[in-house]
Amino acid sequence: MSRLGALGGARAGLGLLLGTAAGLGFLCLLYSQRWKRTQRHGRSQSLPNSLGYTQTSDPGRQVMLLRAVPGGAGDASVLPSLPREGQEKVLDRLDFVLTSLVALRREVEELRSSLRGLAGEIVGEVRSHMEENQRVARRRRFPFVRERSDSTGSSSVYFTASSGATFTDAESEGGYTTANAESDNERDSDKESEDGEDEVSCETVKMGRKDSLDLEEEAASGASSALEAGGSSGLEDVLPLLQQADELHRGDEQGKREGFQLLLNNKLVYGSRQDFLWRLARAYSDMCELTEEVSEKKSYALDGKEEAEAALEKGDESADCHLWYAVLCGQLAEHESIQRRIQSGFSFKEHVDKAIALQPENPMAYFLLGRWCYQVSHLSWLEKKTATALLESPLSATVEDALQSFLKAEELQPGFSKAGRVYISKCYRELGKNSEARWWMKLALELPDVTKEDLALQKDLEELEVILRD
C-alpha cells in the first residue's frame, strides 16, 4: 500500500509539471505571435501627421486610420475605429476643408495686397485733389501773380473774359502801368535765366527765387508808398482805373467779370487805397451774384467781405465802404447757420444806417434798408425769439417801415429798381391798399429785368396780377 501511495504521488507531481510546462509553452506561443504582428504593423505604419492620422501600406487603396490625439496617458489608446468607408468620407471632407482653407488664405492675401494698392491710390488722389484746391485758392487770392495768358484763356469763373474786350497795359484808358506788366517781365527774365542755368544747384535756385520775391515785395511797397505820398498825382494815376471799373460794373455780365479781373490785376499796386478796396469788394459781390456754384458763392462773399473790412480799416467815413460791407454780409449770411444769419442781419442794418447817414441821397441804401425791414417784419415767432436771445437789442421793423424806405429810394431815383416797385406793391397790398398796390404793380411791369432779384420776384409779380386783377 505504501508503494502504491508513493507511485500515485509521483504521477501527480509529474502531471502537475507537464501541465505547467504546457501552459508556459502556450503563453510563449501567444506572446511570439503578438510580437510578430506588432512588428509587421510597425513596419507598415507611417509617422502621424499634423491631424493625428496615419496611412496604411495597402497597395490597392490608401486608407487613413484615425488615431487618438496624444494625451497625458501616452499614445497607447486608440479611438474606436470607424468602418473603412466612413473613414474615407471623413478624411475626404477633411481634405476638402484643408484645400478650401488654403485657397481662402490665398484669396485673403490677394485681397489684402489689392486693398493696400487701392488705399495708396485713394490717398494719392485725395492728396492731389487737395493740392489742386490749394492752387486754385491761391490763384483766386493772388491772381496778379498769374501770367497774362492765364487770365484771358482760363475757363475758371474767376477769370472769364472775352478776348476782344481784354484790357492790356497798352490799351488802358489812362495809360497807367499795372503790376502785371512788371511781374510778366520779371517772370520772362526768370525763365530765360533758368533755361540758361540748368547746371545750377537746387539751393542756388531757391535762393534766387527768394530774392526775386523779396524784390517784388519791395517794389510793391515802394509803389504803395509813392501813391500815398503822391497825393493828387496818385489820384490822377488811379482815377482812370476807378472810372473804368465803375463803367464795367454798370454793364452786363461780361463787363462785370472783366471789371473783377481788372481790379484783381491791379491790387498789388493800388491795394492800399480805400477807394480801390471797396470797388474790389463790390466786384466780389458781383461775382457772387453771377456764379451758380454754392461753394463759389460763399467763397466770393467771404473774400469780398474781407476786402470791405480792409477798406473800413482805412477810414470809417466812406458810405460806399459801409454799403458794400452790408451787401456782402447779407450774401454771406445765405450760407450760414440761423445764429450767424441773425448776427449778420444786425451788422447789415448797422452799416446800412451808417451809409445813409454819410450819403443820404443814395437810393440803393434806402432800397437795402427797405428790404431788410420787410424781411424782419415777416420773421416767424421762433426767429424773433432767437434774435432776442442772441442780441442785446431785438430786431424790430414793420411793413410800413419797409414801404417808406422803398418809396424814398423811388423818390431819389424813379425806376431805380424793378424789385423795389414789386416790394412797394406787396407792402400796399399787405396794408390793405389795393388800389395803390395795383398802381405800383403796373409800374413794375414797365421795367425790364436787370438783376437776378428782379427775375426772382417775377413769380410774386404774377401772383399780384392775379390777386389785384380789376
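Keep in mind that glycine also has a Cβ here, set from the backbone N, Cα and C atoms.
Among the ranges 101-107, 157-163, 262-268, 423-429, the stretch that Swiss-Prot annotates as motif 'FFAT' is 157-163. In Swiss-Prot, the feature coiled coil is placed on 92-124, out of the ranges 92-124, 356-388. Averaged over the motif 'FFAT' (157-163), the predicted model has a pLDDT of 31.
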